[in-house]
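Annotated features in TrEMBL:
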DOMAIN    2-185  domain 'GMPS ATP-PPase'
BINDING   Ser29, Gly30, Gly31, Val32, Asp33, Ser34, Ser35  ATP binding site
Amino acid sequence: MVDTETFVPDAVAEIDEEIDDANAVIALSGGVDSSVAAALAYEAIGDRLTPVYVDTGLMRKGETDQIRETFDYMDSLRIVDAKDRFLEALGGTTDPEAKREIIGEQFIREFEREAKDADADYLVQGTIYPDRIESEGGIKSHHNVGGLPEVVDFEGIVEPVRDLYKDEVREVARHLGLDELVAERMPFPGPGLAVRIIGEITEEKLEVAREANHVVEEELEEYEPWQALAAVIGKATGVKGDNRVHGWVVSVRSVESRDGMTARAQEIDWDTLQRIQSRITGAHENVARVVYDVTHKPPATIEYE
Ligand code: XMP
């Protein structure tokens with residue numbers, strides 16, 4: 001386990017030395033990794049760090065507000081409302097990798113503009129140890145901000161949590177006094193709800209996915225899952241009131257894992273599952289059914305795309 005008492009001052013000193021008196025930029029994702037990296041870098045260089053949060057419209061419920069609150073103490077924080085641009089760029093795209101690529105490219109475009117505007121020479125990233133292993137093994141085609149270093153011509157990349165596992169990053173977050181919600185927040189993929197919506201991304205599917213993910217996170221908190229999520233996986237027939245509807249099928253998934261490379265589906269009690277079902281079908285008139293995914297990783301992945 002990481003010794004936070006020594007890790008924090010060492011990391012801050014290292015960042016300070018690396019960046020010296022230049023400017024830096026970091027993409028905040030809302031997750032614990034980039035939050036910790038940002039807090040460390042801000043401690044090292046203050047407002048010469050520009051933290052950029054791009055609201056893609058694919059984020060969890062309340063995420064943007066939470067970012068605003070947590071990082072309110074950083075005067076240089078920038079929140080970019082890019083929802084419409086992401087939805088437009090995605091258009092009717094259905095292929096999972098094409099969707100990831102569009103999101104990645106749009107993200108780079110948004111971020112590049114902010115980085116140039118901030119006159120940043122350095123890029124700070126919240127890369128953690130398992131990310132490096134997965135990308136070296138070619139498992140993940142697009143990590144959060146993969147591609148950024150190649151596109152924007154930075155003088156250097158600073159990765160203060162590169163040797164830590166997720167649970168260690170959480171410990172550092174708590175040590176730094178980062179909001180408990182951020183410290184405990186489940187990992188959330190860079191492409192956001194897009195990997196929890198099979199096929200075309202529409203405002204309606206996003207609405208269903210956002211509310212369903214909120215319900216699942218809330219209801220399954222006590223199971224302390226590595227990730228608990230909900231995905232819109234297709235359409236099926238249901239009955240709402242007196243009418244048959246062809247509505248959305250929402251799949252609920254809750255897994256245990258240390259680093260996301262393998263995972264076990266969790267056993268959830270029936271009453272909790274029924275409560276989740278009832279809240280999700282009740283939240284949106286076009287949800288016809290809710291299913292629970294019992295598949296481990298492997299053979300399934302954690303996300304749906
Ligand atoms: P999978 O679905 O591959 O997920 O079993 C393993 C872990 O990685 C996250 N994940 C992603 N994270 N960009 C990310 O930043 C992605 O494209 C992506 N796909 C999956 C997933 O949430 C899980 O923690």
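Residue numbering: from 1, along the chain as shown.
Yeah, the Cβs are placed from backbone N, Cα and C, and that goes for glycine too.
A TrEMBL annotation is a machine prediction, not a hand-curated record.
Sitting within 8 Å of the Cβ centre of Ser29, Gly30, Gly31, Val32, Asp33, Ser34, Ser35, and not among those site residues for ATP, are the Cβ atoms of Leu28, Val36, Ala37, Gly126, Val182, Arg185, Phe188.
Remark: of the binding-site residues Asp33, Ser34, the most isolated position is Asp33 (fewest other Cβ atoms within 10 Å of its Cβ).
Counting every protein chain shown, the Cβ of Gly31 (ATP binding site) has 21 other Cβ atoms within 10 Å.
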